[in-house]
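Visitor: Copied straight from TrEMBL:
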- 431-457: transmembrane segment (TRANSMEM)
- 431-705: domain 'G-protein coupled receptors family 3 profile' (DOMAIN)
- 469-489: transmembrane segment (TRANSMEM)
- 501-522: transmembrane segment (TRANSMEM)
- 595-616: transmembrane segment (TRANSMEM)
- 628-650: transmembrane segment (TRANSMEM)
- 670-692: transmembrane segment (TRANSMEM)
Amino acid sequence: INRSDSESNRLLFAWFQIPQISYASTAPELSDDRRYDFFSRVVPPDSFQAQAMVDIVKLMGWNYVSTVASEGSYGEKGVEAFMQISREAGGICIAQSLKIPHDHKQADFDKIIRQLLETHNARAVIIFAYDEDIRGILNASKRADQVGHFLWIGSDSWGAKNSPIQGLEDAAIGAVTILPKRATVEAFDMYFTSRTLENNRRNVWFAEFWEENFNCKLMSSSKKEDTSRKCTGQERIGTDSKYEQEGKVQFVIDAVYAMAHALHNMQKDLCPDQSGVCGEMEHAGGKKLLKYIRSVSFNGSAGTSVTFNRNGDAPGRYDLFQYQMNINNTLGYKVIGQWTETLQLHIDEMQWPNGEMEIPSSVCSQPCKTGQRKKMVKGMPCCWLCEPCDGYQYQYDETSCKLCTYNMRPNGNRTGCQPIPIVKLEWHSPWAVIPVFLAMLGIIATIFVMATFIRYNDTPIVRASGRELSYVLLTGIFLCYIITFVMIATPDIAVCSFRRIFLGLGMCISYAALLTKTNRIYRIFEEGKKSVSPPKLISPTSQLAITSSLISVQLLGVLIWFGVDPPNTIIDYDEQKTINPDKARGVLKCDITDLQIICSLGYSILLMVTCTVYAIKTRGVPENFNEAKPIGFTMYTTCIVWLAFIPIFFGTAQSAEKLYIQTTTLTISMNLSASVALGMLYMPKVYVIIFHPELNVQKRKRSFKAVVTAATMSSRLSHKPSDRPNGEAKTELCENVDPNSKLQKCLFRVIGGT
């Protein structure tokens with residue numbers, strides 16, 4: 001009785017308590033195995049116990065556990081039930097499933113502990129094992145210095161017994177155990193303690209029990225060899241020996257009563273008019289009896305109802321214990337909850353090894369941090385690797401990252417997306433300050449020159465420079481400076497429209513005027529070599545007409561551009577989409593591509609190149625004659641500026657600072673081009689007008705033939721190597737030459753349009 005936890009003793013105890021109503025003679029289908037199965041049905045089955053353990057594991061938040069079972073039906077079936085239910089419940093993975101062999105040795109337990117430690121995170125261990133095996137496991141954990149590491153969950157074979165943990169209390173602290181809910185049947189205690197060798201002869205094992213219980217020998221043929229003390233037969237159970245009612249007595253009694261109630265109900269139905277067993281009842285068969293057994297319902301010996309579910313199992317009722325320190329600083333089992341179809345656990349009353357205050361962890365992988373996704377380990381749904389969502393990805397769910405839309409970037413913890421900040425070229429930016437400063441200086445200088453020319457509009461030097469084209473050129477220079485402010489202003493439809501119009505217009509006006517001037521000089525000298533008549537279209541009106549026609553080509557192109565692609569603003573998210581999303585910016589800009597900018601400037605560059613060609617062709621004209629050489633130097637310098645601009649502009653196309661570099665490069669290049677023209681073509685004249693007014697005087701006219709002839713001869717003389725080092729000659733402007741050099745003065749006046 002004291003060892004009735006084992007399968008064989010459980011069977012024998014049930015069988016020999018009910019021999020009179022075995023019903024084997026009339027229902028051969030109920031064999032010995034059936035009787036044992038029936039008793040095990042009255043005791044809650046392992047599936048209920050396993051379900052309670054699964055509920056405990058899930059409530060604790062453990063998803064990675066190991067199992068240890070004693071080899072044999074009890075341990076293996078218990079673990080099998082636990083694994084099956086855990087699979088159905090989901091969320092629990094088995095790290096190790098180990099068996100304790102029948103013929104175990106100390107090394108076997110040490111090996112089991114080593115194997116359990118291989119999956120170090122699986123601290124929770126489910127144990128379906130006998131007392132001796134439980135002691136072996138706890139002992140091995142002490143030898144491995146792992147006391148407090150494992151979180152034991154023991155089956156009903158451990159229950160609330162002290163025998164498995166005697167001397168190993170420190171290794172058992174925190175263990176949660178399970179035991180079928182039961183009550184002490186006082187009537188059984190009264191009956192059993194009154195049993196003696198005289199009044200209980202029908203139980204053939206009672207004599208053996210007597211020897212074991214009182215540690216004595218009844219006869220010389222006794223198998224007990226560890227004592228020589230003779231039994232007197234006067235010993236009394238519970239008085240001369242320690243007695244504690246076996247926990248499953250309640251279930252044995254309930255099993256007997258269940259059979260009795262089934263037979264009683266069967267007899268009432270099949271033999272209503274007679275007492276005892278009638279013929280119909282004798283031939284009813286075991287299956288019919290089983291139906292009656294499963295239909296019984298009565299209050300059992302503990303006062304709880306005895307019923308069977310559709311699977312033939314009694315309701316599962318368990319008390320849950322934890323081995324912990326009591327209030328009086330002694331170790332013992334404490335009831336921490338119960339399981340009756342559902343789990344009721346008082347977590348706040350639980351204690352854990354090593355003084356841990358929180359529920360210890362027994363998980364395969366720790367939860368991933370915010371912004372990380374789980375990369376599952378194949379075959380282990382509870383195990384994963386944590387991978388951060390990188391780049392422009394955010395954590396979509398536990399297992400995946402998603403890319404933010406093109407105008408968004410992940411937020412700080414990568415749980416979602418947020419808009420990418422919008423930037424533009426600000427007025428206070430260093431990229432804007434320098435070109436704005438240069439443009440303001442240029443505008444002031446241009447206004448000063450224009451005001452000077454207007455003030456001295458009728459003086460010879462202003463008239464000789466070709467007043468009409470001079471004012472056109474000054475207008476183009478002024479627009480070249482103004483475009484700086486348009487390029488830096490906050491983009492909107494109006495600003496984008498002005499950019500399209502004025503981006504190439506200022507340069508176009510400037511180089512159209514310069515081209516008209518150099519072309520006029522070239523035609524005059526080429527025509528003078530062939531004829532005494534002046535060439536056509538050299539009058540001021542003709543020059544303005546030619547310049548206007550050249551400018552109209554630029555305006556026509558802009559008009560077509562407006563019609564094909566109306567101006568608009570865009571936000572470019574690719575331009576500053578850096579590897580680090582925190583630095584990503586959307587750039588507010590006009591919808592003008594790099595190619596469109598070059599095309600808009602292309603016509604002006606073509607005029608500039610053509611003007612440079614004419615400047616080279618007229619390089620033989622006497623120095624400073626009608627601005628030929630200043631125009632030449634202006635064009636050479638301008639070409640160098642724009643040759644430097646193109647590689648910088650396109651070389652920074654992939655840069656994160658593209659907006660700033662290209663805008664600054666473009667505006668500075670235009671400022672430099674305008675400043676070169678302003679400085680070389682106008683500043684010398686302004687200097688003479690203001691500081692040397694005595695040179696700004698009227699010259700007398702000569703015929704065109706005489707002027708050209710004199711100029712040609714002067715040009716040839718000026719190129720003789722003997723006159724100047726390196727073959728250079730110096731011929732002064734009209735206002736700077738010797739008063740006797742009248743031919744050059746007259747030529748200046750004819751070509752200058754005065």
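Cβ coordinates are placed from backbone N, Cα and C, and glycine is handled just like the others.
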Visitor: By Cβ distance under 8 Å, which residues at least 6 away from the ends of the transmembrane segment (431-457) in the same chain are close to it?
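Guide: Distal contacts: 425, 467, 470-471, 474, 477-478, 480-482, 484-485, 488, 660-661, 663-664, 667-668, 671-672, 674-675, 678, 682-683, 686, 689-690, 696.
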Visitor: Can we call the transmembrane segment (670-692) and the transmembrane segment (595-616) in contact, meaning three or more C-beta pairs below 8 angstroms at a sequence separation of 6+?
Guide: no
Visitor: Sort out the residues at least 6 away from either end of the transmembrane segment (501-522), same chain, that have Cβ-Cβ distances under 8 Å to it, and list them.
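Guide: Same-chain contacts beyond the flanks: 466, 469, 472-473, 475-483, 486-487, 538, 543, 546-547, 550-551, 554-555, 558, 597, 600-605, 607-608, 610-611, 614-615, 617-618, 621, 625-628, 631, 634-635, 670, 673-674, 677, 751.
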Visitor: By Cβ distance under 8 Å, which residues at least 6 away from the ends of the transmembrane segment (595-616) in the same chain are close to it?
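Guide: Distant contacts of the transmembrane segment (595-616): 500, 503-504, 507-508, 511-512, 514-515, 518-519, 521-522, 550, 553-554, 557-558, 561, 628, 631-632, 634-636, 638-639, 642, 649, 666.
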Visitor: The transmembrane segment (469-489): which same-chain residues, six or more beyond its ends, come within Cβ distance under 8 Å?
Guide: 425, 427, 432, 435-436, 438-440, 442-443, 446-447, 449-450, 453, 462, 495, 498-499, 502-503, 505-514, 516-517, 540, 543-544, 547, 663, 666-667, 670-671, 673-674, 677-678, 681-682
Visitor: If you average pLDDT over the domain 'G-protein coupled receptors family 3 profile' (431-705), what do you get?
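Guide: Summarising the domain 'G-protein coupled receptors family 3 profile' (431-705) by its mean pLDDT gives 83.
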